[in-house]
Amino acid sequence: MAFLILLRHGKSVWNEKNLFTGWVDIPLSQKGIDEAMLAGEAIKDLPIDCIFTSSLVRSLMTALLAMTHHNSKKIPYIVHDDPEQKHMSKIYSDEVNHMIPLYRSSALNERMYGELQGKNKKKTAEQFGEEQVKLWRRSYKTAPPNGESLYDTGQRTIPYFQETIFPLLQNSKNVFVSAHGNSLRSLIMDIEKLSEEEVHSLELPTGKPIVYLWTGHTFERHPELFG
């Protein structure tokens, strides 16, 4: 058995400005920092053996801030996967016993919003119509201009999960994933076997952990950590 913790990053500066963010590398706002800390309080008693984040800073900030509350007191360290940099994260002392490896991958990035990135969501709805923007944001296979649909996002997130994260769970390793609304929606769609219609209405608030227990045969959703 193993725990899988999924956490959408805390609010970013652009979330608060109501702008499409996508792959633009925007940091957390003060509210987002507070949300990450509260999320850390919520999961502080759950065992964590390794951490995965996207390549975007708001995802990394959320994971690092949350882990400052963890009862293990272990320190996350970024593992460099590039062969030319791999030696940089090697630890040559027993300090390794007080660390938790953290892996970053663009496979977990938010969906790429293409030509909507940086645009105000309200003004975009006024320009293209609310139904068109809703279709871009919530439908399964319709992508914004030069961007990704949720289906496209799942084409990178799900293989990464199945090839890299799931084997760890099968080996009873507890995994914490800090990522984004749409990258996590695509993973939850796969984990819970949701239909296209069901994922259409799936909303993930910022800074609220979702916890699954891998039983060895299936994923079971953990009771809510927040009231």
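Backbone N, Cα and C atoms are what each Cβ position is placed from, and that goes for glycine too.
If you look up Swiss-Prot, you'll see 8-15, 21-22, Arg58, 110-113, Lys121, 137-138, 181-182 marked as substrate binding site. Taken from Swiss-Prot, the feature active site, tele-phosphohistidine intermediate applies to His9. Summarising the annotation, Swiss-Prot assigns active site, proton donor/acceptor to Glu110. The annotation site 'Transition state stabilizer' is assigned in Swiss-Prot to His180.
When the recorded positions Arg8, His9, Lys11, Arg111 are compared by the number of other C-beta atoms lying within 10 angstroms of their own C-beta, Lys11 comes out lowest. Sparsest Cβ environment among the binding-site residues Gly22, Gly181 (other Cβ atoms counted within 10 Å): Gly181. Annotated pair Gly22 (substrate binding site) and the residue listed as 'active site, tele-phosphohistidine intermediate', C-alpha to C-alpha distance, rounded: 13 Å. For the residue listed as 'active site, tele-phosphohistidine intermediate', the nearest neighbour among the recorded positions Glu110, Arg111, Lys121, judged by Cα separation, is Glu110. All chains included, 28 other C-beta atoms sit within 10 angstroms of the C-beta of His180 (site 'Transition state stabilizer'). Following the DSSP three-state reduction, the secondary structure of Arg8 (substrate binding site) is strand. The separation of the residue listed as 'active site, proton donor/acceptor' from Gly181 (substrate binding site), Cα to Cα, is 7 Å.
Distance between Cα atoms for Lys11 (substrate binding site) and His180 (site 'Transition state stabilizer'): 10 Å, as a whole number. For Glu110 (active site, proton donor/acceptor), the count of additional Cβ atoms within 10 Å of its Cβ stands at 25 [all protein chains shown].
Listed in sequence order, the recorded positions near His180 (site 'Transition state stabilizer') (C-alpha within 10 Å of its C-alpha) are Arg8, Glu110, out of Arg8, Trp14, Glu110, Lys121. Between the CA atoms of Trp14 (substrate binding site) and Glu110 (active site, proton donor/acceptor) there is a gap of 14 Å, rounded to the nearest whole number.
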